[in-house]
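I am attaching a structure below and will ask some questions about it afterwards.
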Amino acid sequence: MTYSARTLSWSAGLTALLVAVVVASAALGPVRVDPTTVALSILNAIVVPSSVTSGSATVPVFGVGVPTPSFQYTSIFAFDVPNTHQIIVADIRLPRIALAATVGFALAAAGTVMQGFFRNPLADPSIIGVSTGAAAGAVAAIAFPMLVPFGSLHLSAFAGALLTAFLVYSIATEGGRTPVATLLLAGVAMQALLGAVISYMLVHSGDSLRQAVVWMMGHLSNSTWGDVAFALPVTLVGVLVLGSYTRDLNVLLLGEEDAHHLGTEVERTKFLLLAVASIVTAAGVAVAGVIGFVGLVVPHIMRLIIGPDHRILLPTSALAGASFLVVTDTIARAGPAEVPVGIITAFVGAPFFLFLLVRREVNSV
Amino acid sequence: MNPFERDDGESDANGGDGVEPAAITVEDCSLSFGELSVLEDVSVRVEPGEFVGFVGPNGAGKTTLLRAISGALEPDSGTVSIDGVDIHDVSSKRSSQLVSVVPQDTTLSFSFPVRDVVEMGRHPHRSRFSSPTREDHEAVERALERTRTTDLAERPIDAVSGGQRQRVVLARAVAQETPAMLLDEPTASLDINHQLETLELVRELVDEGRTVVAAIHDLDLAARYCDRLVLLADGTVHESGPPSSVLTTETLGEAFDANAVVTPNPVTNSETVTTLPDDGVRRHSSSRTTASPTDRESGSLPLPDRVHVEGTGSAAAGAIARLEASEAAIDVTLGPVSSGDVAAETAQSIGIDAIEVEPFARLSAANRERAERRIHAADVTVLADFVVGAGNQTLLDALEDSALVVVETKPVAERNFAGTAARERYVACRERAVTSSVEGILEAVVEATADESRSRSPPIDSADD
């Protein structure tokens, strides 16, 4: 079977799995809703913009007030569903599930790229300090809101993540070349440094300590459609860009010199992969905090199942990551007391990873 | 033709994969890693359709030069151009359409199917968003077929043997359809069977119309398959030309610091290099005229300046080869010897002055005189499986005053065609000679020289009867 047929069939299967997982997850919780109702509620929640009017709100552009377009949305479907159930599913559970799927998608895709890029089985999306940078930005915004110019937790975390990635890349680059080993070491050092900064801020965070710690553990509670609107577009565009570089990723597995001889512009490709993977990771981490193991374990499992070809591995890992995080977040919120999802992913992911290690299934990228 | 105007796959008229071989020009390339200078002003020109081998000792800069040609390393000064395109001046996409590389070690610990690995060779010909075209598929299948890896196409690359893997990497380079191809030690990790198979394939690719440069450490294989050799030593081109002119005792001695003899291989009809262990015998100064008495008095060995070898077959051939290859810088002469004898052939190929005579003919007076002159001019005469015949038994008389070494690998009876008297004459010679094996010839010659000088300086009665 050609790789494109394999990609299509695997992606279709994993998309179906994701849909099933989403429906199951939306059915679970303190109020049990039967899956049919869930499915109909979800369909009811699908809206399309029906008309655009020149809205009353204006934004200043070069000093001139320009009216923003305002969209009217219409539901496509109008199935008969009890109103309480419709609200529980579409307004309470669905945003959280959608965010879990988005963040899982982003982290698994970025993890796949980083592992291939670094040719290192220990690589995860945060290897060059993106998550630590996001945490530093977020903790700063939580503990010292007056010091952070954006005021927004998301933007502060996002900016911290990208700033860190950029710093690490700049430090590791010399004379137009960025050796992967230097990049790894610079990432480790930067994480240690930022770890100290975060600890310092936590010590002086006073009443906001709990909020900061929960953020850092990774959380999806109180998710809104606004969070999804922040993370989803960045993730989709980023993963699409990464998807166009999957052949280069394959060639890079042969080593940088071979990749050069096979026509890959090595340094430019490395920069682009690193930048886009970092942006995708940052988008996920900024809204959901530091959620570990998704970006490490999911690509490994998918690689075991379908092999090292990034043309198939990237889309399937991303889809599997989405399902994985939806499932773990369902466990996190469906228990008697809600726990941060990062705890669950580590609790599920780490033993499974150790099991694979013991079986010697995972020993290379 | 302007190389930038050439569209890939358009010159398909001449069959095959439509690749026209390109010239490779390296001009005054110097390259250093930090303080360490690896290449110094290297200039090499490879003509289109040539198979050139880079040979030389470890650390001579073979791999570095290949990497400079491929564009992987940018030289500090100088230029590399392939098909007139400065390889360091173009994108890697463009350069990888001009030159493909078969590296010494490819990291292939991933379970890609063989076909996918070969398909990676099409990477430079494809745009980012296109799916593979029919042309790509055909190139891949052709490359698989060409390298006899079609049967392996579905196997994971990490589940094939080393020899097969080498062919797969070669297939990848073939699928790349470049006018020039570089191979770094393509036979290094292969057994002899696969070494030949690989080089036969490379030779075929060259003959079909490709320019190939390979770093090859096996000199025999390099001589056998390459049109031309470039001998690198200490980062410079030491010698360059056809194998027979590059592989000589002198050049190998200088470049490899080794005692080597180059002889024609009767089977492959190419040069065979035989390396001999360092005999430790060395003149104190490089010129052979300065083996001065002071050297001898200071306790160093008295080395013979000239050695004449008489004899036949592999014993004589081995003796002259070893004496010539030694760093003792001895003038070696040979003869009379039948032309066509392996000793005569060896003498010819390593440039030893030999008196050749027609087989089975009587030794002419002129040739006998020439042989006698050489015996008298020599410090030591070596009889190596000397065949005593009616024609040459008189030569034994000329040996009376000479220091003698006898090498025997066959009993006298098998070599005597001149009756009992001649045999006794030979045995008498043998009794006063230093006997030796072929391997120990140098020591024996030195010993004979020493005996001779000892017996000459104090005028004592000769113990010889």
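Including glycine, each Cβ sits where the backbone N, Cα and C put it.
Bear in mind that the values here come from a model prediction, so they are computed numbers and not experimental data.
So TrEMBL has the following annotated:
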TRANSMEM  A:97-115  transmembrane segment
TRANSMEM  A:127-148  transmembrane segment
TRANSMEM  A:155-172  transmembrane segment
TRANSMEM  A:184-203  transmembrane segment
TRANSMEM  A:224-245  transmembrane segment
TRANSMEM  A:271-298  transmembrane segment
TRANSMEM  A:339-358  transmembrane segment
Which of A:127-148, A:184-203, A:271-298 shares the most C-beta pairs under 8 angstroms with the transmembrane segment (A:224-245)?
A:271-298
At a C-beta cut-off of under 8 Å, are there same-chain residues at least 6 beyond the transmembrane segment (A:184-203) that contact it? List them, or none.
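Distant Cβ neighbours of the transmembrane segment (A:184-203) are 118, 120, 126-129, 132-133, 135-136, 139-140, 143-144, 164, 167-168, 171-172, 209, 212-213, 216.
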Could you give the residue numbers and ranges of same-chain residues that sit at least 6 residues beyond the transmembrane segment (A:271-298) on either side and whose C-beta is under 8 angstroms from one of its C-beta atoms?
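Counting only partners 6 or more residues beyond its ends, the transmembrane segment (A:271-298) has Cβ contacts under 8 Å with 99-100, 102-104, 106-111, 113-114, 117, 122-126, 128, 130-135, 137-138, 153-155, 157-158, 161-162, 165, 169, 178, 183, 214-220, 223, 227, 230-231, 234-235, 238-239, 241-242, 245, 248-249, 317, 320-321, 324-325, 340-342, 345-346, 348-350, 352-353.
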Hey, which bits of the same chain come close to the transmembrane segment (A:127-148), Cβ under 8 Å, at least six residues off its ends?
114, 118, 120, 156-165, 167-169, 183-184, 186-187, 190-191, 194-195, 197-198, 201-202, 204-206, 208-209, 211-212, 215-216, 274, 278, 281-282, 285-286, 289-290
